[in-house]
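**Student:** The domain 'CBS' annotation in TrEMBL covers A:150-212, A:214-270. Marked as transmembrane segment by TrEMBL: A:299-316, A:322-343, A:373-393, A:405-429, A:441-464.
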Protein chains: 2
Amino acid sequence: MSDNITINKQDSRHELRELLNSQLRLMLEQNNLEGAKSLLLPVQPVDIAEAIGDLPETQKLIAFRLLNKTEAIDVYEHLDYNTQQSLIQEFKRQEVLDIVDKMSPDDRAKLFDELPAAVVSRILEQLSPEERQATNLLLGYGEDTAGRIMTPEYIALKQDFTVGQTLEKIRTEARASELIYYMYVTDASRHLLGIVSLRDLVVSSPDDTLDKVLTKDIVYVNTDMDQEEVARLIQRYDFLAVPVVDKELRLVGIVTVDDVIDIIEREATEDIYALGAVQSDGDSSYFKTNLFVVARRRVVWLLVLLLTNTVTGSIIGAQEDILAQVTVLAAFIPLLIGTGGNIGTQSSTVVIRGLSTDKVSDYGPGKIIFREAIAGLLLGLILGLLATVWAYFLPQTNQNPIVCITVGFSLVAIALLASVAGSALPFLFRSLGLDPALMSAPFITTAVDVLGVLIYFTIARMLLGL
Amino acid sequence: MSDNITINKQDSRHELRELLNSQLRLMLEQNNLEGAKSLLLPVQPVDIAEAIGDLPETQKLIAFRLLNKTEAIDVYEHLDYNTQQSLIQEFKRQEVLDIVDKMSPDDRAKLFDELPAAVVSRILEQLSPEERQATNLLLGYGEDTAGRIMTPEYIALKQDFTVGQTLEKIRTEARASELIYYMYVTDASRHLLGIVSLRDLVVSSPDDTLDKVLTKDIVYVNTDMDQEEVARLIQRYDFLAVPVVDKELRLVGIVTVDDVIDIIEREATEDIYALGAVQSDGDSSYFKTNLFVVARRRVVWLLVLLLTNTVTGSIIGAQEDILAQVTVLAAFIPLLIGTGGNIGTQSSTVVIRGLSTDKVSDYGPGKIIFREAIAGLLLGLILGLLATVWAYFLPQTNQNPIVCITVGFSLVAIALLASVAGSALPFLFRSLGLDPALMSAPFITTAVDVLGVLIYFTIARMLLGL
């Protein structure tokens, strides 16, 4: 979390960034290092990181070395993983120390996740003992847990401090802490006793002891809590940070609100990708991923769906006798399975999003599936009626009322089935310990297809007496 | 934004909340008001709001009146809109004043958006002049803009203040401000000169003037900037708040990070709903929406899709001659249009999410569509080859190689077409000023269906010589 609020006034930030990128490249090409340096001076670290990331490989290190030490760390934390990796290979020993030793431990843990193990252990050796310990602590927790995303750089206080003493302590520790607006009061064995906000301190008298100021009822999380749950908690209570404790309830770190925003966005992307039957690409940039990797990420789902579609195909193929007699039946297949797929997708979308945002979890699956079934039935009745009338006026049906009624009945049955499947399957997936979002639109669509054609031809056989 | 950090220590917060809800109801039923009061005492406002929202209508007002004035305002801001509305109808005149006058202006503006106009004007009359002005200011801005979500309750400072004077001012104004960690330095006509963070103040000497401490290069937004852009900006720079200025560049408010989290989540839900062909339901709770309203929200898209599906149906219906001769062709329709729909969905999902998160906007549409086309072609070749082989061994095809090759060729063509359509249509929608997410999975699927069957039968006619 950064407290710098620097950048030029400018409405269209996007254009400003493009201008910066092209100017920086130009100056580096002309070897105008002083110019480049003063160009970057008033710019926010995240914008500098983007500009450096866009430079040709050979210029990245040169541009990075123009930054002063403090700024270099901030910028490095914001670089994309590819650039971080390529820079670290080229750094001299002292540079690695300067940068990596001073990164926040959570950003460093993220970097180490991406670097080759050999590089990581080489860097770890060179870190100062405290920083090495902090990083090892974080790397010891599972991926996507509170332990992994927390920072151990918080301000810890003792209960008998006065407000004045505390403000003095903040003055000296502010540089090394990620967030100074909340402070944590602990006992001798690091058990969390209470939280003091800078707001509380500022409005209190300097002679008060923290005892009088601190909030004793605390919302905290455990190191192994899933990062998404941590994010939801901070979101629910509008916190700037939440303390993380270990199994013995000792304070080990804090998770800050800026990480939460990124988590919520990443989780939404994962859900959206799953709904679109695309395997998530983590944080990698769209244009930096190899096309064969892209194809591999997508082909798995397509093969599963291809297999299911062949089942639908075989079912239709097995109806050759009835199709040869009443060929017009084939014309309604796309309509029936298409509508079924769409209704199923609607139900699964609402249920999956409700599960991810924790908004339907208070109700049991039974109640939700029942509601979706009624909604599906309603939609089926509306669309079934419309389809029957439309089929009647279609030239190919020759106003054969039985064909029209077959289409209408099938649509009602398929709509009901699709809404039940669409709402029930995400719950089934969750109870199997899988991500409900995997029960995606394409999967629901294909599953409903199979059952849809079976229903259609069964009703047709019954009504047409074949 | 709340700085309270109160609640009992408890790991499973969800169970705790359920317990609170049931206990509260029990005590109110037994008319044990003192018990209910002390039950709510150590609980966070957002949890109290949830508990009250779950009570039967008759008990809501009773429970709400147990809260002290300050807490009542916090709780009221967190109630869902339905409960807010039903309570306000029952409040006595003085209660309305006590609650609504002290709400933060942004929360009040949200409430007024939901209330009937007559109720709003009645309440507005009763507000204090400053609060009325603040609310009118917010209500004057368009929905989903920075102006609408900002709070005018920030701390404004003059340039010649010393750090000591400023800390004194914070002490007196902290109660009335939503966020005290950033303060804004303005000139006589309210033009924004710089930003001071509480962090800056704490680490500076009390005799320094703000001139020396403030950050002069400021990231700000205009009142009419879309709330999603504001959210992205705060996310990018890891800010706790961003200042909002009017057309004359005068400071009018700030947008805080807690609002940003909700915006990012709501926008993701909107995208996901659009992708699932469900009209967004805003903030309303799943079980509180009437089932007919649910059906109405979904039927619009289904009708559009029904219409498109009938086109697909007519195309198939018009192929009666070829279908009657080679009925096995019908068996491959679900496979072909299903796979096409899935590939199109994958491309559109990646492009739509990239556009929403601002991650592909730096590249032109041409480059992205070309990439997706190549990916689609790759996928088509893999799947086409598999489908040809599979069709060959399917009993219904009688090992007719021409039918098998027709299926394979069609699949390649459809995959290419689907990926181009899936990636190009969101850009087309955006350039028409529409939400790219409307180019949803069901829509792409249905559009690809029509073209898919056309391609299939055209290739079949050519190869089979019919």
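Note that the numbers count up from 1, one per residue, in the order the chain is shown.
Glycine too: its Cβ is placed from the backbone N, Cα and C atoms.
Predicted automatically and left uncurated, TrEMBL annotations should be read as such.
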**Student:** Okay, the transmembrane segment (A:373-393) and the transmembrane segment (A:441-464): do they have at least three CB pairs under 8 Å, pairs separated by 6 or more?
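**Tutor:** Answer no, regions not in contact.
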**Student:** Should anything in the same chain at least six residues away from the transmembrane segment (A:405-429) have a Cβ under 8 Å from its Cβ atoms, list it; otherwise answer none.
**Tutor:** 329, 332, 335-337, 339-341, 343-348, 350-352, 355, 365, 368-369, 371-373, 375-377, 379-381, 383-385, 387-388, 391, 435-439, 443-444, 447-448, 451-452, 455-456, 459-460, 463-464
**Student:** Under DSSP, the domain 'CBS' (A:150-212) has how many residues in helix, strand and coil?
**Tutor:** 23 helix, 17 strand, 23 coil
**Student:** Could you break down the residues of the domain 'CBS' (A:214-270) into DSSP helix, strand and coil, giving a count for each?
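**Tutor:** Counting residues per DSSP class in the domain 'CBS' (A:214-270), I get 25 helix, 16 strand, 16 coil.
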**Student:** Other than its close neighbours in sequence, what residues sit by the transmembrane segment (A:299-316), given a CB gap under 8 Å and a spacing of at least six beyond its ends?
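**Tutor:** For the transmembrane segment (A:299-316), the nonlocal Cβ contacts are 277-279, 323, 330, 333, 337, 440, 442-443, 446-447, 449-450, 453-454, 457.
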